């Protein structure tokens, strides 16, 4: 770490190729979503060819030159290539079958059950994922609505889906109306939720307290003082001696 904030910011903590790959993947996701919403099969075909060529050049030629390691040396590269091959296969099937004429809703909202409910709630709490998808849908969907009203419509749709899931669960597992919940159920669910919250809040502190280096006193062995102005040479340099 540098001696000041500016040097700390300049310090490279994350490899540049990794950052570049993440940014390019994000751009590819947005482009794929745009082609899907506009139903551009020809554009998807051109994008597929470009994507296949680019990923092979990156994994087999560029990345080994940067890391000075062959492709087979890392498990992450093989896993990324496997995921990309699966994506290319599904994209080829999508190009062959064509895009649907009407693109409505979310695939998680097709059925009303506990599995779809949990998955949709997880999708909603992911940071910025719901907002990014809504903005992209608004950009590439022909609609007279403004972005604000589009977001309101998406919010209403999400709340209606969640409510229908709960209503279906009430029909499948009916409970008498006006009757109190059992103490066993309330204490079991409540204590589990409280325990989970406490683990999230205080768990990291508890883990850190058991690390031996937390209680080790860091005794200074050397210190110095330096005085300079701007980019000029050092004016005063003091190096005290410890007894």
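The backbone N, Cα and C atoms fix where each Cβ goes, glycine too.
TrEMBL does not curate its annotations; it predicts them automatically.
The domain 'Piezo THU9 and anchor' feature in TrEMBL is assigned to 4-207.
Counting only same-chain residues 6+ beyond the ends of the transmembrane segment (14-36), those with a CB under 8 A from a CB of the stretch are 43-44, 47, 51, 58, 63, 66-67, 91, 99, 103, 133, 136, 139-140. What TrEMBL records for 14-36 (among others) is transmembrane segment.
Cβ atoms under 8 Å from those of the transmembrane segment (45-63) belong to residues 17, 21, 28, 31-32, 35, 71, 77, 80-81, 84, 88, 91-92, 95 of the same chain, restricted to positions at least 6 beyond its ends. Sequence annotations record features per position, and here TrEMBL assigns transmembrane segment to 45-63 (among others).
Residues or ranges marked as transmembrane segment in TrEMBL: 114-130 (among others).
Among the features that TrEMBL reports, transmembrane segment is placed at 187-211 (among others).
Among the features that TrEMBL reports, transmembrane segment is placed at 223-242 (among others).
Nonlocal intrachain contacts for the transmembrane segment (114-130), taken as residues 6+ away from its ends with a CB within less than 8 angstroms of a stretch CB, comprise 106, 108, 154, 158, 161-162, 165-166, 169.
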